Amino acid sequence: MATASVAFKSREDHRKQIELEEARKAGLAPAEVDEDGKEINPHIPQYMSSAPWYLNAERPSLKHQRKWKSDPNYTKAWYDRGAKVYQADKYRKGACENCGAMTHDVKACMERPRKKGAKWTNMHIAPDEKIENFELDYDGKRDRWNGYDSTAYARVIDRYAARDDARRKYTKEQQLKKLEEKNNENDEDVGSEEEDDDDDLKVDEAKMDESKQMDFAKVEKRVRTTGGGSTGTVRNLRIREDTAKYLLNLDVNSSHYDPKTRSMREDPLPDSDPNEKFYGGDNQYRTSGQALEFKQLNIHAWEAYEKGQDIHMQAAPSQAELLYKNYKVIKEKLKSKTKDTIMEKYGNAAADEKLPQELLLGQTEREVEYDRAGRIIKGQEMLVPRSKYEEDVYINNHTTVWGSWWKDHQWGYKCCKQLIRNSYCTGTAGIEAAEAATDLMKANIARKEATEDNVTPVENKNLATWGSEVPEDLVLDPKKLTESLQKEDARRREERDERKRKYNVKWNDEVTAEDMEAYRMKRVHHDDPMKEFLN
């Protein structure tokens, strides 16, 4: 029930309001009236009938459910189809280069591409189209009948009306003709002629009403759709006078009928005359007409997919059909080419040309000898098999091919004895230069070996610990060496921990041979494999 703006009500007022609403729903009380004097349906829920608070509705109304703000710019006009505005006499800058109109460019031109556009010929300039812009609201943009011209359907009605008039006129003329023939005949045959005339008129009416009789099997039923279902027309193409296929042969051991799919694959009457047989099983449709061609198309698609081609019958049926057509054309060409090759080689026995005497008698003067395996021993020259690569092709002034020369496990050219492929041929001069370079290299190697035979002796130096040079007359005192080793250990401990260093440090610049030997002995080499085991 529509109510005004919500106000405070006592418990008694609220109870009375509920009773009034129940009485209105039951029809015992009159319905509520809005501002325009129209009754409001009491069964409308409150959340729909209650107006928002910001509208300040004083009386119950349903205006807030309607579109109460109208768009002043909205128009119901539509495009003026095919209208032209102005036709120029010469080409204008910025116009279409094909037709010369200013309202579009070359890409959007709908005219046939000219051999020479209007920009260059300056002739036959097309008129400018009428460009209109409409501001449509939400419903106007989605109105499928927007811009529909009802006069277009009037022409359809007129055409059918003219057909009906012609049919009635023809029927009336036939009736008048029959009546005139009836009056001209004798009175004795009046009764029989009346029956014949009635039969003829019935036949004519049947001929005239063939279009109406086409709907003999029209059935109105619910058709399930994605949108939830809609009432549609379904034509049953089977005439009801025909015998159902499961009644053609009532033998239990006859062909099986599946009631779920309504299919009977085998022939129910295999022994009957095929000329008088109306139904021969569902398999006859699978082995006739375009069914076999469609089956071959699927097989071709499967085989092509297995061989690596990107083809799928369900995903791209047009592509699969086109490839199958190309395959058949290529196959026919190959077949005819093979046939022509065989006929050129062996001849055509069906031709009218006279065959040679040697071929007819099956003998010739040429002697051919074979071995036990059927190979030719003599009598025919053996053909040298040719490879698929180009043979005897010389490049870069060479007279032999690459691979005609082999030296030191490398291929080369025999004409110039070069081992670099695609190099330019130098001929005899190149061979002589290569031999001279080889002789020079051998002489250098021999001279180097001769110089290496006279090797100067290397002096054996007495090396101290870790490779330092030590004089031959050097003598170390064992006690001083022990003290030097202890000093070196103390110095290393001070380096690791600077807290043990004293303030008053006395530095001695004198380094003895024992100190150097202790330093060399304590020094850690990073390349020493035993450095991890040193203390």
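Note that Cβ sites are derived from N, Cα and C of the backbone, with glycine treated the same way.
Bear in mind that TrEMBL entries carry predicted annotations, made automatically and left uncurated.
Keep in mind that what you see is a predicted model, and the values were worked out from it rather than measured.
TrEMBL has this to say about the protein:
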REGION    1-44  region 'Disordered'
COMPBIAS  9-25  compositional bias 'Basic and acidic residues'
DOMAIN    136-404  domain 'Pre-mRNA-splicing factor SLU7'
REGION    174-209  region 'Disordered'
COMPBIAS  174-185  compositional bias 'Basic and acidic residues'
COMPBIAS  186-202  compositional bias 'Acidic residues'
REGION    486-505  region 'Disordered'
COMPBIAS  486-500  compositional bias 'Basic and acidic residues'
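For the region 'Disordered' (1-44), the number of residues in each DSSP class (helix H, G, I; strand E, B; coil) is 16 helix, 2 strand, 26 coil. Mean pLDDT for the domain 'Pre-mRNA-splicing factor SLU7' (136-404) in the predicted structure: 78.
Residues 1, 31-32, 42-43 of the same chain lie 6 or more positions beyond the ends of the compositional bias 'Basic and acidic residues' (9-25) yet place their CB under 8 Å from a CB of it. Here the compositional bias 'Basic and acidic residues' (486-500) has, by DSSP, the following mix of helix, strand and coil residues: 14 helix, 0 strand, 1 coil. Secondary structure by DSSP for the compositional bias 'Basic and acidic residues' (174-185): 11 helix, 0 strand, 1 coil.
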